[in-house]
Structures are given as C-alpha cells and as structure tokens.
Amino acid sequence: MECQECHLRPATLHFTKIVNGDKMEYHLCDQCAKEKGDVMAGSGSFSIHHLLSGLLNFEQHVGENHHHNHSVLKCPKCGLTYPEFVEIGKFGCDECYKAFHDKLDPVFRKVHSGNTMHTGKIPKRAGKNMNMKRKVSTLKETLQKLIEDEEFEKAAEIRDEIRALENGRNDE
Amino acid sequence: MSLQKFIDQAISPWMQSEGPDADIVLSSRIRLARNLTDFAFPVNASKDQREKAFHYIKERLEKEAYHSMGQFEWINMDGLEPIEKEVLVEKHLISPNLIQYSNHAAVLINENESVSIMVNEEDHLRIQCLFPGFQLNEALTLSNGIDDWLEEKFNYAFHETRGYLTSCPTNVGTGLRASVMVHLPALMLTQRMNRIAPAINQFGLVVRGIYGEGSEALGNVFQISNQMTLGKSEEDIVEDLRGVVMQLIQQEKAARRDLLDMSKIQLEDRIYRSYGVLAYSRIIHSKEAATCLSDVRLGIDLGLIKGVSRSILNELMVLTQPGFLQHYFKEALSPDERDIKRATLIRERLNLEDFQKPTD
Ligand SMILES: [Zn+2]
Ligand SMILES: [Zn+2]
C-alpha cells in the first residue's frame, strides 16, 4: 500500500482517528507522518499538538461570547498554563490533571476511543489510600445523615471509625 | 575482537533463546509509563528539578535487585559516547528520546537485557520487558511484578479516575504499550498485507514497519501495538492484541503454504538468489540487505535452506544498523563506507554457519 500523502513511499503507519465522530483511516509513510506531526502511538516522536490546538481554537472561538469565564487555567504545582499544555501537548506534573480537569474529557475521548476513565490496575500503596479516602467520604455521608436523624449514639460510633481510619493514614 | 565474540556481546542474551511461534513472532514487549508525585514530569521540569528527581531515583534503585533477577546495571546517559548510545537504541534497550533528554537521564538494565527501566525519559520511569517469540502474557506478568516492586520505593502519580498519570495524554490510564514484532514475508509477497493492515487498525491497533536508516518496513518486520491506554484493563489490552496477532500468524502460515503450493520454483529462485547476494556481495545497502535477510529467513523457516540458524535475521538486522557497524569496525563510517562494511560483516557472519548446498 502506498502512502496517501506523497504516493511515493510505501505506507508504514496505519491508524484510525475519530474526527468529529467520523472514523478516518490514515496510511502514511514515516516521513509524511513526521511532517504532518500526526498521532503516532508507540513512538516518542509524535505530537498530539495539532489535535490539542484544534480543541483550544474551538474553545477560544466559543469563549468570544463568554468573556466572563475567560481566565487562564494554571497548574498551582508546576505553573503550566492550559494554553502552554496545548502548545506542547504534555502535562507538567500530576497536579495538571486536576487543574485542567474540566477540559480534559474531550481530549481523552479523542485520543482513547471515547474513554475518559481508568479501569485497569490500581497501585497497592497509592490505591490503598484511594480506597481509604473513598471509605471515609462514604462514612462522612452516613454520619451527616445520622446526625440529621438525631441518631447520636450510632453517629459517635461512625465518628470514631472515621478517626481511626484517618489516624491510620497519618501513621503511614 | 572475533565476530562471534562481538555478536555474543551485541545480541541481548534474551534474544538467543527461541520463544513460542518463533517462526513468525520475533519478540513481545510490554512497556509501562510511571511518574512520581514528588517531582514535576521530566519534559517540562527545570534543570534543577530534573536533577533532584534523578538523584532521588538513583539513590533508591542503583544498588537494588529484583528477586532472582540479580542487580540492575545503572547506566548514566551523560557518561556514554554517542555510538554507545546509538547501540543501546538499536538493541531497543532505550528510546531515541532518552538520548535527546540525556541530561540527568539513565537506564537500568538487567543481566540478560530483557528488562530495562529508563529514568527521566518523557516520564520519570519507563519499565520495559522484552521476551523472545510470542509471550505477551509472560511479559505483562513480569512488568507488573517490577511495577509493584518500584511502587514500594516511590509515590506514584495516580488518580482515581484517570489512572497512572503520564506526561503525554496518549499514555494516561494504564501507561501500557504492548507490542509484538512479527516477520510477515509471505503476506508481503502475496500482497495480502495491503488488506490486512487496515483491518488490524479497526481493532485500535497500530501497524508500523521498523528497522532501517530510512523509513520503510525493512525486512518485512512489523511492529503491532495498542493505540489506546485509557478505559481498558491491562489484561484486555494484551488479550485484544494477542487475538489479532494469533489471526495474523494463521494468515501468514496460509500464505506460506500457498506460495509453496503455487509458485515453489519462483520462491526457491528468490530465496537462493538472496542467499547468493548475502554470501558474495561486496557492497550492500541496508534496504537490500534487509530484503535478502527476510528471504533467507523464510527459506530457513520453510526448510529450503538448511544449516543456517534461524536467529540470523534478528541478529543481522540489529548488527547491520549504522551504530553497530561503527561499533564493530571501531571507526566512524560514511554511508558509502557502511555499505561496504555491511557486506563484509554479513559475509563473515554467514561463514560461521554450515550452509548445506541444495542437492538439485
Ligand atoms: Zn508519504
Ligand atoms: Zn502541573
């Protein structure tokens, strides 16, 4: 199969991309792929730059009518701004994911065939904390409800349970 | 140094054993991208931050051993000659990116070179496990074990809903890239690969040629890998890739049978001519070498060429790359000089074999 761009070299890169809901097939030689700067999973040399720039431009366009929410998002930990993220196509640190959270779903949907949620492995240590946090927040909800219902005896038990969990975390 | 000795050093020990389906699948690879929550990701980090992360990781890994695997060798990128770096890339032990970022970057490599952990590449840690033949599940199991071991030492950047947080949005979630390297000469000769490659893409997999100074699928060797890393479990990603590769193996086998049934004399002619080129030429370009090596390897797999070891394709594909050629001949070589030295090295390598002349 020949490259759909230059029609000279054989296509060595084949992939599909969802563009505005349509599935597009690409068959490119390495050279044209590089020149296009297109998504080339599995290699470090690709950039998702174009994809991200497209998304940002779209947002700026929409933003023209909504001047009031036009403040620039910035990561408090590493200082990367959202426009900078779009420019480089890379996050600066783990906090960037939280700082840009509201804008990331469409980005991930495009890159990962519509997915935005991790369903794979959970690390033992980082995940243990995660499970504990989840438990504490459920218990706090229960506690709130018990207090509203004036079930103070049960509420005290739950409160102790929350304390024990939170102290457990501090001990680590 | 004798060629045999050079090969023993140049070819990773894990490559010298044969895995399942070795007639078609050359190797299986799992890569996991991981970051630390304590530091900014290497790409955007300041020089000072890169350096801090580097020393933090070095302190905790330099003298560590993973179970029975023995101690990892910690190799500083700063301390290597350009050719040494290129050789590591050609052995697939590091990525070209690690050279680009070689300031405060390192790689940990185990004794048989099946495991490498890149430090301060695009992500803080990149675990890679390579297995001969078709062994994706084995590679995933080992990668997971090493991942758990590393997590005991480092606070991973992990998010409840986004999973493992990576520098690039294309790796987030599992951080997993699974790939196999396959040799598909019959699908190429019968031109069936044209139809198959787009079909593979439908499964969210990427097909690309590897090897060579230029850009083509040299030697009919392709890499097939998953594109998406978020929203599927590690096991499912590997299983989906495995399923497609299993079908690909069946297709390649069918194409090989068809070639033998319908055009045996043409096939033999092609294979023996290629052997002749490799055995006697004095100047050979990497592209021609790759094509001939692929033909000869097919001849070995089909029993048409006897007395030559199967590993010759994998070995010479690695050894005839620019970095290795210059490493072996211990001098910088222009492209023209490389073509001459490449022919020399291939002839010498074939001399180590016991090629049996066909009787008819
Ligand atoms: Zn092209
Ligand atoms: Zn940040």
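Including glycine, each Cβ sits where the backbone N, Cα and C put it.
Here TrEMBL flags B:24-255 as domain 'Phosphagen kinase C-terminal'. Sequence annotations record features per position, and here TrEMBL assigns ATP binding site to B:27-31, B:His92, B:Arg126, B:177-181, B:208-213.
Structure with TrEMBL features highlighted.
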{"residue": "B:Ser27", "record": "ATP binding site", "DSSP class": "strand"}
{"residue": "B:Arg126", "record": "ATP binding site", "DSSP class": "strand"}
{"residue": "B:Ser179", "record": "ATP binding site", "DSSP class": "strand"}
{"residue": "B:Arg208", "record": "ATP binding site", "DSSP class": "strand"}
Which residues does B:Arg208 (ATP binding site) neighbour through Cβ under 8 Å, counting only same-chain ones at least six apart?
B:Ala217, B:Phe222, B:Gln223
Could you give the mean pLDDT over the domain 'Phosphagen kinase C-terminal' (B:24-255), rounded to a whole number?
91
My list of binding-site residues is B:Ser27, B:Ile30, B:Arg126; which of them have a Cβ under 8 Å from any chain A Cβ, in sequence order?
none
Chain-internal residues, separated by at least six, CB under 8 A from B:Ser179 (ATP binding site):
B:Ser28, B:Arg29, B:Arg31, B:Gln223, B:Ile224, B:Ser225, B:Asn226, B:Leu241
With every protein chain in view, how many other Cβ atoms are within 10 Å of the Cβ of B:Ile30 (ATP binding site)?
28
